[in-house]
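**Q** What TrEMBL records for B:12-36, B:48-73, B:85-107, B:113-131, B:152-171, B:183-207, B:219-241, B:247-265, B:277-299, B:311-336, B:362-380, B:386-405 is transmembrane segment.
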Amino acid sequence: MYSKEELFLAISTVIDPEVGFNLVEMGLIYDAKCDDEGNAHVTMTLSTKACPMHQMILQWVKESVEKMANIKNVEVELVWEPAWNITMADDNVKKALGGA
Amino acid sequence: MFSISQDFAPPFKLISPFFILGSLFYLLASVFIFFFTSDNLLLQDPKVLSFVHLFLLGFVMMVIFGAMAQLIPVVLEVGHSAVELFYVIWPLLGIGTILMVVGFLGFPALLPYGGTVVLISMMIFVMEIFSTIKKVKKLNIVMGSVLISNTFLFFGIIFGLVMALGYAGTIEVDIMSLLRSHVYLVIGGYIAITLMGLSVVLLPMFGLSHGFSMRPLEVSITLMSTSVVLVVISSFVKYALIEYTAYTLALASMVFYFYLVYTIFKTRARKELDIYAISLIYAYFSMLVALGLGVAYLASSYEPLLLASGWLIFFGFFGFAITGHIYKIVPFLVWFERFSPLVGKEKVPMLADMLPKKSSHAQFVFCAVGVSIIAVAILLQDDTLMKAGASFLVVGASALVRNVFYMINFK
């Protein structure tokens with residue numbers, strides 16, 4: 001129903017309030033797919049395991065996909081492998097953080 | 001729909017008094033420095049003891065306890081056992097601190113009362129943490145550090161209460177032999193090990209560091225724990241070798257800890273030098289200088305070296321490590337309470353927007369200059385320089401109080 005790019009575009013509205021970048025450009029969203037019935041599945045990670053906003057961020061990701069037309073169900077899977085690192089972020093993020 | 005667990009987010013009204021009171025005690029401790037002269041710059045002087053308790057209990061412990069209310073569920077990955085108990089911890093700690101500070105200043109009869117109130121406050125804290133830890137199925141090194149540090153705190157406050165009873169003349173004890181254990185259990189055992197454990201959570205979280213080894217933390221905590229136990233033993237068994245072995249282990253522990261911090265710093269993705277980063281850099285620099293002064297004291301027995309080392313550990317290391325984290329933790333708590341429900345509905349501020357940038361930098365500059373000048377004043381035993389440093393520090397501490405209120409009232 002929706003391509004990975006379309007789902008990523010929807011999720012890119014979610015911004016990490018600590019660093020000020022969206023989750024997609026941070027490289028935190030590993031995969032996203034959606035079947036013809038409107039069941040979406042997002043695979044993502046977080047920059048740290050001990051994130052106090054852990055549950056909120058997952059909720060925002062879920063809500064950002066739920067806003068898309070004809071989406072019936074959204075599953076957000078949080079994984080820790082592969083572990084996130086700055087090389088997964090977009091160049092503009094790396095540059096802004098000073099890691100480029 | 002995911003639910004946001006309130007276990008992981010204690011209400012802001014529960015935590016905010018810790019930060020407000022903590023910053024006010026920081027200001028009071030800064031004002032206190034005006035009343036020191038080179039005559040009473042002695043480790044056993046009641047004014048020094050009063051000041052140390054004002055700073056450590058009123059500021060360091062108050063802010064650490066408040067931060068722990070929020071961080072314990074994050075670190076232990078379980079909800080608090082009874083988070084409501086934090087509503088009584090801060091009033092008891094505040095009242096107990098004031099009673100002890102006044103008690104040391106000339107009303108020793110107040111010391112057992114103040115000591116008991118502080119004891120009750122800390123026991124409630126320790127028991128709440130222990131019962132929360134019981135919910136954890138498998139302890140990792142960070143969780144283990146919470147368990148170890150709180151065990152040391154438990155014994156440290158018992159030693160403190162016995163000493164307070166001794167000061168008041170209620171019981172007869174050898175205060176000097178208990179003093180070292182009390183100081184080491186609380187400062188080395190609780191504060192240092194707590195900061196070490198939290199370092200591997202908070203420093204990588206804010207610096208986006210990855211790929212560093214946790215092994216130096218394990219070694220560091222093991223060495224510091226052994227050091228604390230040996231110091232306690234040396235209070236009862238008068239054998240100099242045990243005591244000096246303990247100091248050597250503490251020094252080695254700090255070397256491993258600094259190596260850990262260095263690797264976290266080296267692997268960080270976030271390079272910007274914000275108020276958090278510069279506060280921590282000053283804190284770690286102070287600690288390095290303090291360690292150098294401590295070693296010089298062991299070699300020379302010149303007491304001002306020990307006092308200056310203690311000053312830099314307290315106001316330099318603890319002070320700046322804590323104020324730096326206040327600028328991260330308080331905006332998060334306010335943001336979580338006030339703005340997180342608005343996400344997706346309207347534009348919300350970023351955490352960095354909630355910081356008073358100029359005022360926080362002014363706080364850093366005035367406090368850093370003040371702390372540095374006072375360290376030199378202690379070494380030179382110079383009253384005028386001491387007052388000059390205190391002037392800077394009071395301006396910086398006033399800015400801290402203002403900044404805490406600014407962040408808490410951010411709308």
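The count begins at 1 with the first shown residue.
Using the three backbone atoms N, Cα and C, a Cβ is placed for every residue, glycine included.
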**Q** Most CB pairs under 8 Å with the transmembrane segment (B:311-336): which of B:113-131, B:183-207, B:362-380?
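**A** Most Cβ pairs under 8 Å with the transmembrane segment (B:311-336) come from B:362-380.
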**Q** Counting Cβ pairs under 8 Å that are 6 or more apart in sequence, does the total for the transmembrane segment (B:48-73) and the transmembrane segment (B:277-299) reach three or more?
**A** no
**Q** Which listed stretch (B:85-107, B:183-207, B:247-265) has the most C-beta pairs under 8 A with the transmembrane segment (B:113-131)?
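**A** Per the Cβ count, the answer is B:85-107.
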**Q** Same chain, outside the transmembrane segment (B:183-207) by at least 6, Cβ under 8 Å from its Cβ: which residues?
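**A** Those are 56, 60, 64, 68, 71, 74-75, 141-142, 144-146, 148-153, 155-157, 159-160, 214, 217, 220-221, 224-225, 227-228, 231-232, 246, 250, 257, 260-261, 264-265, 268-270, 276-277, 280, 313, 318, 321, 325, 328, in sequence order.
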